[in-house]
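Chemist: My structure is below; once you've seen it, I'll send some questions.
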Amino acid sequence: MRLKCAEKLAALCLSAAMAVSVSACSGGNMYASSNDSSSIADNDVITIGSVTTNSGSAAAYGESEVNGFRLAIKEINENGGIFGKQVRLESMDDKGDVIEASNAFNRLAGEKNVIAVLGPTISSTSGAVAPLADQNQMPSIAPAATADSVETGGYLFRTCFKDSYQGQIAAKYAAENLKVNKVAVLYGTGDPYSSGVGKAFVAAAKKAGLQVVAEENSSSTDDTEYSSQLQKIEASGAEFLYAPYYYSAVGPYIVPQARAVGYDGYIMGPDGYDGLKTTGNKARYDKVLYTTHYSPDDKSNKKVQQFIKSYKDANDGESPNTFTALGYDSVYMFKQAIEQAGENATRADIRNAIAGMHFSGVTGEFTLDKQGSPEEIGHRAGDEERLADLQRHHPTGQVGRIP
Amino acid sequence: MGDQIIMFISQIFNGLKIGSVYSLVALGYTMVYGIIRLINFAHGDFIMVGSYVLMLTIPFIIACGLPAWLAVVPAILVCVAVGVIVEKAAYKPVREKGNNMTALITAIAMSLLLENGSQAIFGADYQTVPTIIQIPTLALGGLKIDGATILTVLLGLVIMVALQLFVKYTKQGKAMRAVSEDKEASILMGVNVNSTITLTFAIGSGLAAVASLMYCVSYPQVSPMMGAMLGLKAFVAAVLGGIGSIPGAMVGGLVIGVVESLTKAYIGTITAGVITSAFSDAIVFGILIIVLLVKPSGLMGEPESEKV
């Protein structure tokens, strides 16, 4: 019986191996990219793929990123391309779904002429794509995947800062700039972004000597009613509320409901607040702050005003948001890396050029970590310097206010 | 101690705020289910359609110098049109050829069609609804009560009574009850079943437009997916109250809202932090299961007597 089992297992393994080899053949050069060094010299145009969320609940982020990609590529092409070659974008939609993102990424990786990939948009899909990027040796930049759990440093990099960093900045800002003592936190436990940032804030706040008087949760970040939790926060005597949610919950629900239950202290959150639209009485949003990658009010950085102007010209006067800015910078990061890697740059060359690069764009100036070693994966050596740098640029300390 | 009592009452009103919206939505569910035994899963998406109409027409209404809430009139017209078209184009052919299950699947398909269709038209981004009415907050000592909550509860009660009277005493209402009891027999009695069902859908969809008005007063934001969770919660409210029963929908909605609010407020303290406020949905659905185990027909549903 045992033998039979072993035999069956062996047969199963064999058939599985065959299936893998068959699919490897039929799936184009899915695993072949390591042997086959396709370089930008092979084609007349440079094709950059993108995997973004263009439909579903996070579609607004993906669409903004793609707008940023298109603007940057248009500018690059108008200025003579990269090494005289025009850049082309092959954009794919992952619907915010892990499987769709993996399939789209593998398809792009299988296409010889695709030299690099922009995306994915959100943290969950980026986390799924990270090992695929390493496996296919496909240099990729996720513009806005902020979750700490996304394993960057191999072939996947990011333009944004990490979630834990946002929580720390907020705690620091509350203690040093706002000089509050009693803080409260409200986050959605069902959402890794919300709970990740929220927990990082609590840890950092305690370290900074702040008193965490209330820690409330919601089951999801799609809830419309937060009055019960906010009422408790109000009763706890908090002067500062950290509420890491998306703009879609903060603008119409959390801020008005907090004011309705009588809470009139600060409300602060992470980059998800970007794109927030105020409803009703604007005065309710006076003490709402958020950490951001990009500030349109940054007058000291010439690139920012230039970017806003060219985006508005290309999009009927519409203003770009953080995701557009991150997408825009991601394209320029690839441009810088390709130019550094040379006219015969392969995917691996581009990856090596990105690792450790120093970059200056509309989202600020930063240095990427050089090492992709497991312990340091995802670590950004530049984080501390970047904060200092951004504080120099933004008198408010990299904190956005609701316009 | 006084503070604790005020806190408790405030939390009940927080629950009534969302609960009253659930009630309005649940009335639409129960209306359609009571007549044709179809759970119209697209009902939540009718609310979405109504909300988009409100968002688009409010600026015009204000420009005409009329109060913004009158935007509910075009919203009702559009929702009724959408409801009747959905019924004629999708549910009726399926109802005639298939069974209850095929109709249910068609309802889910319609829901997806409306969600993705509006995403194609309006885009996936969230959009804010202009302020509809400014209702002052009532302050009784330390207690603050949102005026919109009171208005929504009152509106729900008025609609509930009106529907009950309509179904009990008008000719069309009697026809509805007849169709709900026995379709074949009512045909023999000279009831026009098709027009009765169409009327039911028209009323259900019109209610969706009214619900979308009150929803947008409290939660001024629209997105293509907004109807999905709202519809689900309201469906649970209708089942809890006894689906098919008009007062049941009202009670079910309010109960769900208050339970949600009280669990969010007190579950952490009661269980010493083991169960947090994040579990409120799980507790609401858990209570639904318990109620259905004890009383399968729901709180107000009476299996023997007639429904709607």
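In case you wondered, yes, glycine gets a Cβ from its N, Cα and C as well.
Whatever TrEMBL says is automated annotation, not expert-curated.
According to TrEMBL, the protein carries these features:
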TRANSMEM  B:20-39  transmembrane segment
TRANSMEM  B:68-86  transmembrane segment
TRANSMEM  B:98-114  transmembrane segment
TRANSMEM  B:148-167  transmembrane segment
TRANSMEM  B:187-215  transmembrane segment
TRANSMEM  B:235-259  transmembrane segment
TRANSMEM  B:266-294  transmembrane segment
Chemist: Are there three or more C-beta pairs under 8 angstroms joining the transmembrane segment (B:20-39) and the transmembrane segment (B:148-167), sequence spacing 6 or more?
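Modeler: Contact confirmed: at least 3 Cβ pairs fall under 8 Å.
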Chemist: Between the transmembrane segment (B:235-259) and the transmembrane segment (B:68-86), are there at least three Cβ pairs closer than 8 Å, leaving out pairs fewer than 6 positions apart?
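Modeler: These two stretches do not touch.
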Chemist: At a Cβ cut-off of 8 Å, and with pairs 6 or more apart in sequence only, do we get at least 3 pairs between the transmembrane segment (B:20-39) and the transmembrane segment (B:187-215), yes or no?
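Modeler: Yes, the stretches contact each other.
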Chemist: Given a Cβ distance threshold of under 8 angstroms, which distant residues of the chain, six or more beyond its ends, lie next to the transmembrane segment (B:98-114)?
Modeler: 37-42, 44-46, 48-49, 82, 86, 90-91, 227-228, 231
Chemist: Do any residues of this chain, six or more beyond the ends of the transmembrane segment (B:187-215), have a C-beta under 8 angstroms from a C-beta of it, and if so which?
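Modeler: Cβ under 8 Å, 6 or more out: 20-21, 24-25, 27-29, 31-32, 35-36, 40, 43, 46-51, 53-54, 69, 71-72, 75-76, 78-80, 82-84, 86-88, 91-92, 132, 148, 151-152, 155, 159, 163, 172, 175-176, 178-179, 230.
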